[in-house]
Amino acid sequence: MVTVLVLLLLAGTTWKDGVLAQTPIAGVAGRAAGVGEASTTKPKGDQAKVIVLQESGKPSAESYARLLTPFPILRTFTVCYRIRLIRFREESTLMSYAVSDDKDNELRMDHRITGYKVSLHSKWAQTSLDTPLRVWSHFCFQYQEDNGVWEIFMDGQQRANGSFPPFDEPLLGNGAYIIGQEQDSFGGNFQQDQSYSGEIAHLSFWDSYLSQDEIIRIAECQEPKEQPLLGWSSQEWELQGEVYSQFRPLEDICSSHTRTFKMFLKRQTLQRSLHFCRVVGGILAVPKTAEENALVYEASRDQAHYCSGKVGVSYLWLGANDESEERTWMYWESERPLTWENTWRGTGPNGGAVENCLVMLYGAYPGYWSDIACLDSYSFCVPCEFEVLPVMYLKGPALCESSPFDQMYLLGEAYDGQPSLKGFFHTDIYWNSTMDVWILQSLKVAAWAMWDPRRGVHYPFGTHQWKVMSVLCGLEAGMAVNLTLSVCGKGMFTCEDGTCISLQKRCDLRVDCPDQSDEHQCSLVDVPQDYQNNIPPQPTVLNQSLAIHFTINIISFPSVATQDLTFVTTFQLLLRWRDPRLSYLNLKTDRTLNMLSEDNKRRIWTPRVFFSNAHGNVFTNLNQGSRVECVQEGSSTVGGPHHTREVNIFSGSENSLEMGQLYSVTYSCDFELLMFPFDAQVCTMKFMLVSASASYMTLVPTLANYTGKTSLIEYAIGHLTMNTLPNEEFSSVAVEVRFMRRYGFYLLTLYIPTTLLMLIAYATLYFNPDDFNSRIVVALTSLLVLSSLFTQTSNSLPKTSYFKLVDVWLFFSIVMIFNVVMLQTLVDFSQQAVLNKGSRLARAFKKIHKFLRKLGNNKDVGQGTPVQDLRASGVIITHTKTAEEAEQEEPWAANGNNWHREEPSRLPIYGRAFRRKNWSENKDVNMSLMTFSRIILPVIFCIFNACYWGAAIV
């Protein structure tokens, strides 16, 4: 501890109240005017008086300048001044004018970080006009009493205007006019947060409304045509606290020149130098004039011996090369040619194509330029140039709302050999060479932190581990935290080395940072410490149940088993909900990049759904293959500075979580096979939300989609419907899938073959009528084949207690062929004398025979039939029988041996085509029955088909 204190004292720092106290960097404390000192010095030559307040940046309520010259009465007036703001304060009051305790805001002007504001008679003219830091700017405010109109000009250009309500009185004179503090009472009661840190010059009042041309003249440091009522040169001031006045050249305070150079006097290779200047928001410097070249040399020559590596006279890299064309020097960044070249060593670049890089020399060649080989073995110091100094942002756990440290910084003057960083309000970052650490110190309160550079990393830009040396933001003294310092603004992400990339490239599965840090720590969800994942989130709408949006994407049906009354389906189930307790970080429009890690998935609440009619005990799960994604639906807010890494924060009440998993599940289905194979089955997949009862959360059907093939092996997939099941204890959703059987297979393998079998059987009616064996064998074979087909088809279908449509067809086919067999038998049987004359069956057949004879007889009723009768004497007597006698006669002769010799008067129309010589071998068939069979069977077939297919189509 003693050693540390000695080092601090040697470094110009002190230990006070247990914290580090730094002597003001600018060393101006001794220049502050004493109490009651008046500033009346006259300018010499081309100079102007400047009053400097709180140059060290430490806020104070004791520093101000009081106008001793009487303040005039003003009605219509114009006030102009030129300022260089060093630090902001919470209110940054440049000037305040009070005429009494209750009229302390008669005229007040604040240059706040949120905008330029003017108060007149306690009425505010508010603008969003920004005041630049550490740059001279000219402001004019003018007010016209007649109409209350006011205008604000910055650098000669109108930037805002408006009007005040009418006032009862003018701006009274002889009040207390103070620069650098806001008066809460007449001439006093100051506060440090309402103070001013900066410089002011050319403050003048006119009792008229100046023209814009006149204001432009004043802004350009020209003499005004109209003399002011209260001019800057005639004013006398009383300076108190850290305030002093001095004269500066007019060219310094009238210039709006912002181009500047910063020397980083640590040796680096060329590539690292180019990269480093980009990290700090600039480019590797190349002076454009002799004055700039001299400025760069003077700012760095004290360290030239170190920067050269103590070898040679080259010591600074410059940002140009002639790699493309010899002696045509181009900027590294823009690849444009230089517009000016400095004095070269010798006769000019002499390295030829080998030496293509540019350096500055010292020693015998002070500030000269020379070319050198672009080798990584060379390391020199780095000058960076800036057209405008970039704002640097400090982020991390030490930057909470009550943090004593500033969030924004600008590169400032060199301190202890290295550039410092000046906070916008009251914080400095500077190098302490005695301790070899970078110090982060508040000038407002006793709070500081330090960073010990790693080997090879010299500057605090990027993300580094700082040690907090004070109690702040819930951090204990001595605690190490990561802080990020970079020029990366809104919408940008800071790599650990300080490089800026687009925030949209953060965690996008592609490496964009040189150190690959953009793909590190890609947590998308911010889970509060008191979060309980066993408690569901509160609904986003009060007094309503939590909505769980249900989406199912059916991918395929690998199996539909009609016989088992089951089907197997592969589908993706998506459940979407909102959890207001969570916040999401850096969401992308491409939701596939918003997937939560395995750890985060198990830390948050997720809904649980039971597949209620599936085989087995199946629930939703977070097993391998599951995805929980954040869905960007609402807008984001920029994360606070307490985040080490830049983040866009999305509220859990506006953005959803979606859980998805792929499942392959077997479901039961009650197949209704009455219309088989022309049936359409509607199968149901039921899902039940079991995380809580329906009064707490509800499944909301969103979308049911099928993405697979619509034509399966046996079925075609119809439309999907989804609806909520009412009157359930737990919220349930039913997804109905329509399977339409593809009957083409059955037409080819069942209906057409059975039809052909029926046609074959029917064709036997046209066989040779005398060939009974052929006719009956073909018919019976058709019946046998059909029976086998029927058995095979029945075995492949589930057993049902009712007839299916295919059963009706098969049964009809069997009946039809059976009818053919029976008719063939009857046709032949009706001609055989195997019946006794007196039997009942014989009498029945007799009646049938008579009826068929009537149908087959071509004679008219009453016509006789010639009959030959062989008498016993051997004489054949021919006589004619009447029809009545023929009907009474038996269908066979009394002498059975002579029956076959009876010859009909003519052959039947559909009789045999020829007769044998042996009449005993020719037996006539019942052609009337045959004809009837040929007609009646097609009629029955057509009537049945009309009814059958009509039912199938419907």
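Keep in mind that glycine also has a Cβ here, set from the backbone N, Cα and C atoms.
Bear in mind that TrEMBL entries carry predicted annotations, made automatically and left uncurated.
For Cys488-Cys500, Cys495-Cys513, Cys507-Cys522, the entry in TrEMBL reads disulfide bond. TrEMBL lists 47-254 with the feature domain 'Pentraxin (PTX)'. Marked as domain 'C-type lectin' by TrEMBL: 256-383. Residues or ranges marked as signal peptide by TrEMBL: 1-21. Feature annotation from TrEMBL assigns transmembrane segment to 743-765, 772-790, 810-830, 925-951.
Sequence features annotated in TrEMBL and their locations in the structure.
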{"residue": "Cys488", "record": "disulfide bond", "Cβ contacts under 8 Å, 6 or more apart": "Tyr393, Thr494, Cys500, Glu646"}
{"residue": "Cys495", "record": "disulfide bond", "Cβ contacts under 8 Å, 6 or more apart": "Gly462, Ile501, Cys513, Pro514, Asp515, Ser517, Asp518"}
{"residue": "Cys507", "record": "disulfide bond", "Cβ contacts under 8 Å, 6 or more apart": "Asp518, Glu519, Cys522, Leu524, Asn586, Leu593"}
Other CB atoms within 10 A, centred on Cys522 (disulfide bond):
15
Taking helix as H, G and I and strand as E and B in DSSP, count the residues of the domain 'C-type lectin' (256-383) in helix, strand and coil.
28 helix, 36 strand, 64 coil
Is it possible to get the count of other C-beta atoms within 10 angstroms of the C-beta of Cys513 (disulfide bond)?
20
Let me know the DSSP-derived helix, strand or coil state of Cys495 (disulfide bond), please.
coil
Can you give me the average pLDDT across the domain 'Pentraxin (PTX)' (47-254), rounded to a whole number?
94
Among all protein chains shown, how many Cβ atoms are found within 10 Å of the Cβ of Cys500 (disulfide bond), not counting that one?
19
